[in-house]
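Here is what TrEMBL records for this protein:
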- 1-235: domain 'tRNA methyltransferase TRMD/TRM10-type' (DOMAIN)
- 117, 141, 142, 143, 144, 145, 146: S-adenosyl-L-methionine binding site (BINDING)
Ligand SMILES: N#Cc1c(-c2ccc3ccn(Cc4ccc(CN5CCCCC5)cc4)c3c2)n[nH]c1N
């Protein structure tokens, strides 16, 4: 998989070089190309923002640098074929909530790209223009306001890349995870490790029993109880 990220803060994406994603890059399972949007500015101050039409606080990201950056992205795909359009994800507070199902879908794509805005957002004409050439999804990390799209892109990339075959060593752990279809979208059960007793807190006896059936039943019951209490909306 190849991932392209466009941002005015390339260093924000440095964590992608760490841990499992960093190893996936080393192992050739993943390519990450981070592009500084200012590369497509032409004035002395490398300007990427301007005041909003209609007034209001803050600044809006100018369309021109984004247009040239996305032109370059298109060119990197080679000649336009009749196949599926390149995937472009635009993190925004007004986007569709990013879900595990989206991560599952994205994990199957050969390439995905992220346009990370800042200020009060990207001039909407960029999205309108891009829809002609890209499969554009405006997506939100959650119901809170961040200062830009980079943190959201990091989270979405991690949620997606960990599903790429070979990235996570123990694929069984993917099956049992919260939100996955395989776990009936239930939240995860509590986990424990040695020592069996710690500061007066003991590991549940059933987990020490070696009885796999009883362990599985206990874990399912825990997941149902936690989900019912914290996320009744996930109970179908
Ligand atoms: N994913 C995701 C996100 C983001 C996110 C993603 C991308 C950008 C680019 C810039 N910002 C900052 C910002 C801050 C406030 C507003 C609202 N304003 C209301 C008045 C009219 C103007 C817009 C918009 C943009 C971003 C925030 N926040 N939360 C998520 N889950």
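Using the three backbone atoms N, Cα and C, a Cβ is placed for every residue, glycine included.
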Q.
Assuming the binding residues for S-adenosyl-L-methionine are exactly those in the record, 117, 141, 142, 143, 144, 145, 146, what is the maximum CA-CA distance in angstrom, rounded?
A. 17
Q: Return the residue, from the listed binding-site residues 145, 146, with the maximum count of other C-beta atoms within 10 angstroms of its C-beta.
A: 146
(Q) If you count other CB atoms within 10 A of each CB, which of 117, 142, 143 wins among these binding-site residues? (A) 117
Q) Of 141, 144, the binding-site residues given in the record, which has the fewest other CB atoms within 10 A of its CB? A) 144
